[in-house]
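Peer 1: Following this message is one structure expressed as structure tokens.
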């Protein structure tokens, strides 16, 4: 990827950005991130897939099939499509007799929607859920909203770059966050790279 993009500090979402001049890593532009999903080596679509130890990404069917959740051993559900329109109507009450912890976010699968407002809370829920695994993160199709939140979790909690997170997840599930979500994940990647650079320079000054 880095050999095909131009190094830039521009805020242009279509430009690549190199945050750390001593690193070979470059945050790709949004269009380059989209291209990562269009190769033929990714996973085929399924209702639910394990994308990280004890972390599952699934669709509406998976979230609604209570017997299937028991078989999977799901203990926590993150509904990335809470609400009434083009969303999954479950809620905490749907799982009251299953000893499942529920967390819902009202996210629209639109490029203009600010899903980054849920990156921190979703990451915290997934992280805490893994002390009592397993967690299902879902939306309607399990491809855009839920995928964006899991990608953010891998970046924020496990230190993956946006490129590494995408490559990891797409090998295990057929996902495709919308263009706006990718733009926000790209911005998160730059922010995390800047944080790490500040930490590195701070340690060098000690």
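Just so it is clear, glycine is given a Cβ too, placed from its N, Cα and C backbone atoms.
These figures come from a predicted structure and were not determined experimentally.
Annotated domain 'Tyrosine-protein phosphatase' per Swiss-Prot: 47-194, in sequence order, evidence recorded as sequence analysis. Among the features that Swiss-Prot reports, substrate binding site is placed at 138, 139, 140, 141, 142, 143, 144, 145, with the record citing similarity to another entry. What Swiss-Prot records for 139 is active site, phosphocysteine intermediate, and it gives sequence analysis as the kind of evidence.
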Peer 1: Where DSSP helix means H, G or I and strand means E or B, what are the helix, strand and coil counts for the domain 'Tyrosine-protein phosphatase' (47-194)?
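Peer 2: In the domain 'Tyrosine-protein phosphatase' (47-194), the DSSP-based counts are 70 helix, 21 strand, 57 coil.
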Peer 1: Do you know the mean pLDDT across the domain 'Tyrosine-protein phosphatase' (47-194)?
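Peer 2: Residues in the domain 'Tyrosine-protein phosphatase' (47-194) carry a mean pLDDT of 96 in this prediction.
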Peer 1: Please list, in sequence order, the residues in the chain of residue 145 (substrate binding site) that are at least six apart in sequence and whose C-beta is under 8 Å away from its C-beta.
Peer 2: 80, 81, 107, 109, 115, 139, 177, 181
Peer 1: Pick out which of the binding-site residues 138, 143 has the most other Cβ atoms within 10 Å of its own Cβ.
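Peer 2: Counting every other Cβ within 10 Å of each candidate, the maximum falls on 138.
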Peer 1: Using a 10 Å cut-off, grab the number of neighbouring Cβ atoms around the Cβ of residue 139 (substrate binding site), all chains included.
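Peer 2: 28, counting other Cβ atoms within 10 Å of residue 139 (substrate binding site).
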Peer 1: Please list residues from the chain of residue 140 (substrate binding site) whose Cβ is under 8 angstroms from its Cβ, counting only those at least six apart in sequence.
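Peer 2: Spatial neighbours, sequence-distant, of residue 140 (substrate binding site): 59, 60, 81, 86, 87, 88, 109.
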